[in-house]
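**Q** Can you keep this structure in mind? I'll have questions shortly.
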Amino acid sequence: MDATESRYPSQFSGSLSRNLILAYQSLGVVYGDLSTSPLYVYKSTFIGKLHKHQNPDAIFGAFSLIFWTLTLIPLLKYVLIVLSANDNGEGGTFALYSLLCRHAKFSLLPNQQAADEELSAYKYGPPGQYPSSSPLKRFIEKHRKSRIALLIVVLLGACMVIGDGVLTPVISVLSSVSGLEAAKSNLTRGEVLLIACVILVGLFALQHTGTHRLAFAFAPIVLLWLVSIFSIGLYNIIHWNPKIVSAISPHYIITFFKETGTDGWISLGGVLLSITGTEAMFADLGHFTAMSIRLAFITIVYPCLIVQYMGQAAFLSKNISSIPNSFYDSIPDPIFWPVFIIATLAAIVASQAIITATFSIVKQCHALGCFPRIKVVHTSKHIFGQIYIPEINWILMILTLAVAVGFQDTTLIGNAYGLACMTVMFITTFLMALVMIFVWQRSIFTASAFLIFFWFIEGIYLSAAFIKIPQGGWISLLLSCIFLFVMFVWHYGTRRKYNFDLHNKVSLKWLLGLGPSLGIVRVPGIGLVYSELATGVPAIFSHFVTNLPAFHNVLVFVCVKSVPVPFVSPEERFLIGRICPRPYRMYRCIVRYGYKDIQRDDGNFEDLIIQSIAEFIQMEAVEPQLSSSDNTSLDGRMAVISTRTAQSGSSLIVSSQESSSSSNSIKSSKSLTLQSLRSAYVDENPRSKTHQVRFQLPSTPGLNPLVGEELLDLIQAKEAGVAYIMGHSYVKARRSSSFLKKVVIDIGYSFLRKNCRGPSVALNIPHISLIEVGMIYYV
């Protein structure tokens, strides 16, 4: 699957052969977690309150519960309904939230513009469909607290997925290696735990290589696992108790609860483990198509799981004492060790899938401004979306080992695991109901019926999971609260800092009063002034101008921002405009990324900006409405500049050549000191020695003299060098602030800022060209 297909999977959904291939590939990425649940479901169900009811009738009832749970939630809810609510092929809670933000004013992203709504990925649904206007929509839009509550719900779902990233590797690997104890080997429980910890360390240590290096083996492993458990289940049904087939009837559920009462309700915390991993069908949709995921589940995964659970129940109905090791005891002796090896490999695959999904969730939280800056490494050139985040990887490893060593019991871990998974499903049901109303424009009655039906089922399971909070369930709540607190503090501090910038913008009247020279000397070169503001001139600019006697001939105010769409195509990434009249040589460049876009370090960002500005200057001469000369008190209108158009246009002649440590860019510097510094930097950073781009003015007879002069100034400024100007901010709470606000800003937010990656690192800005302007923000 190449990058284009994985980013825009809907283009390929019409081909049956393509969907069959994607369905096969989805087995290794999507269904690893769901398919390994038979390792621990029956054990988790019957250990605890239900140990007094370990009899054939209770086992028949437990299987009936598992059958109908798999049928109603994964099959009916996700496969038939939720998979249809994709955001340009992307799934998960953030995709649902993105759709809601585009159809109503629910978004809390600070620097959104009307121009963002013109993105091709922004549109959803058939042409001519207009957003509905309902009292519920107006209420949420009007009350900021309701929008904050909606964001917190989405973030809580994200935190629970991160909790899954900690718990899934533990329960999967511990359950698989527990077969060593079932095999009556001489290994002690401590030695089995040590083996599990070694596997977990190896799993996280290999994350930096990228999923794609092992992806070819994932699907065969899971397929072999599914065929194995299907065969074992079929054998157990025929050999031990064929009457188990009758347990499909809901009558056995009624009998089960009549016999077990409250104990049976509490045991639902174990039954719900049979659907853990279901959310991955929706969350990992971006790598496949909805049709391929449906095909894989309906034709392979669902039948294999049903037969396996049925076979285990048939075995247990005749071997009650085998409940603590139900899966491994049900395997015929001749094939025990091959199945054990396959189970261990399948557990690793299941762990790998949720770890990758955790990286993706953290990246999306960062795009929403709700997570500190982290390093994102794109590990595959062919499968878009496979990323690696070093900081999160090692945090997950430490937490995973701590849970494994601290609990050691898969039943306790399963209690926490089930609570996290069911909470995510509960939140997805709520967001789906909102999507039905605001995006699909269905009636409130239809959405309410969907919400009530599935909330009733999931609420029963969730209540049973909450009962088990003292027996291990607290760990998922603790992990979620920690990550939610980090997200809230970062989002709150970032919003406060942005509001300070917004209310302390430089007045354009003051800027115009300085004149084209800005009241100081304009030195050769281009100054890229980074700010989060999409309009106006940031306060760091006035701070810089009033403290230094010189500034660059060409100024570009750069804003890198996220928009509520999964991907922004390269043709729509750059918005270019002008600040002040033409003689000032001041421009604005807004760079837009979607919540699943990766900011790649291509090394040609400067060249793309120069070409885009040159294209804008040409467009402005042809389309005078882009110019701000008629109204110099405001910013000029922004224009979308396609990078491909800019690269192939005739505004500038571009020549490229291989560069070396003695490149022309270094020689062009008039300062010997700067030459030596840049030479040392290039020697230490081989990536910067890829190619040298030079611009020339085309000899066009009809070129407007003013346009030609401006383009020539742009080329000369580029040849003189590019400097990056950023604010180095210190955020502090005002003295009049409340004690809680001082704790959040002065301690929490400051700690996160000091221990996360700096903005220059996150934006891949070369350190040798960076100028930082220190400022204190009193928020």
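Glycine is no exception: its Cβ is also placed from the backbone N, Cα and C atoms.
Sharing the record's features from TrEMBL:
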DOMAIN    22-511  domain 'K+ potassium transporter integral membrane'
DOMAIN    524-777  domain 'K+ potassium transporter C-terminal'
TRANSMEM  58-80  transmembrane segment
TRANSMEM  148-167  transmembrane segment
TRANSMEM  187-206  transmembrane segment
TRANSMEM  218-238  transmembrane segment
TRANSMEM  265-283  transmembrane segment
TRANSMEM  295-315  transmembrane segment
TRANSMEM  335-362  transmembrane segment
TRANSMEM  383-405  transmembrane segment
TRANSMEM  417-440  transmembrane segment
TRANSMEM  447-467  transmembrane segment
TRANSMEM  473-490  transmembrane segment
TRANSMEM  510-530  transmembrane segment
**Q** Between the transmembrane segment (58-80) and the transmembrane segment (265-283), are there at least three Cβ pairs closer than 8 Å, leaving out pairs fewer than 6 positions apart?
**A** yes
**Q** Considering only Cβ pairs under 8 Å, which range in 187-206, 295-315, 447-467 makes the most contacts with the transmembrane segment (265-283)?
**A** 447-467
**Q** Could you tell me whether the transmembrane segment (335-362) and the transmembrane segment (187-206) are in contact, taking contact to mean 3+ Cβ pairs under 8 Å with a sequence separation of 6 or more?
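**A** Yes, since the transmembrane segment (187-206) and the transmembrane segment (335-362) share at least 3 Cβ pairs closer than 8 Å, they count as touching.
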**Q** Report, as numbers and ranges, which residues of the same chain sit near the transmembrane segment (510-530): CB under 8 Å and 6 or more residues beyond its ends.
**A** 537-538, 540-542, 545, 548-560, 579-581, 583-585, 606, 609-610, 632-633, 714, 716-718, 720-727, 759, 763, 765
**Q** Would the transmembrane segment (473-490) and the transmembrane segment (295-315) count as touching if the test is at least 3 Cβ pairs under 8 Å, pairs 6 or more apart?
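**A** No, the transmembrane segment (473-490) and the transmembrane segment (295-315) are not in contact.
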